[in-house]
Amino acid sequence: MEIILAEPRGFCAGVKRAVDILAITLEKYKNERQVYVLHEIVHNKYIVEDFKKQGVVFVSSIEEIEDNEGILIFSAHGVSKNIEDEAKRKGIQVIDATCPLVNKVHKEAKRYENSGKELILIGHENHPEVKGIRGRVNNPITLVQTLQDVYDLKVKDPDNLSYVTQTTLSIDDTRDIIAALKLRFPGITGPDLKDICYATQNRQNAVKKLAEIVDMVLVVGSKNSSNSNRLLDLCTARGKRAYLIDNYSCVNKSWFQGVEKIGITAGASAPDILVDELIDYLKVNLSVKISVMPGGITENVQFKIPNLV
């Protein structure tokens, strides 16, 4: 049996930066100040549980923080302006781990609003990134999730529209919706394609290639990870059996009956250790050889850690 690894897979630069910021902050203030994180630092169960064991307190709102001497970290998904202002009012020291690519969307949305545009956001309802983007502008943003949403859209001025997109959606994810928007509203403007999240597109391109050369795909990632679920969807859409797993303990050995080639990928918020443990498990339980898929992309993107850390 052969294991073929997707390339790239796992951590993107924005997730690595956020996790590094939290780890460095925790080390710096250990036993001195309580470290809080608003929501999950990234959408991965292993990462969150590991930091909880080290003493990090994850909160769902700033009201839960009674210790104003603590340090609050904003997650990689970003927050609204109101949340930022609330932390300042309470006098809480904040370290912002928002992904720079998410910050870029915040700035784009504000720029469009300042130029008088009515805004449309392509994204998923209730995703923390979407909440943050909506909270970065003063006027309401209309959320579009499906083609039907585009057809049902009611706007004030069809000639004065702009759109932005959630970063964890790739060009492929948004292509049809953007095309439908442009068909209905030919004057609509939006960000350059090069502004999309490189990591989302790269991982999706890789898993599509992987699905062509294997019998089954294991996607390492958490159930609440948007990009991990999309990797799963891309495999099943190509007629390949695929499973989204938090770690090796979720594997069912019956999955491998009649399988010769197993593909493995990981969502952008899944750490390498989870893939490594999965490979070790498969080595122990199956006779396997391991290779990396041909034609993959090596990512060299790095984001700076803020000086405050």
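Glycine residues also receive a Cβ, built from the backbone N, Cα and C atoms like all the rest.
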H43, H77, S225, S226, N227, S269 bind dimethylallyl diphosphate per Swiss-Prot; candidate in H106, H127 listed for that same site: H127
Residues close to isopentenyl diphosphate site centre defined by H43, H77, H127, S225, S226, N227, S269, Cβ within 8 Å: V42, E129, T168, N224, S228, G267, A268
Output field, [4Fe-4S] cluster shell: CB within 8 Å of site CB centroid, site C12, C99, C197 dropped: A13, G14, V15, A76, L101, V102, T167, T168, Y198, A199, T200, A268
Three-class DSSP secondary structure - E129 (active site, proton donor): helix
Cα distance (Å, whole number) from T167 ((2E)-4-hydroxy-3-methylbut-2-enyl diphosphate binding site) to C197 ([4Fe-4S] cluster binding site): 5
Surrounding CB atoms that lie within 10 Å of the CB of C99 ([4Fe-4S] cluster binding site), all protein chains: 26
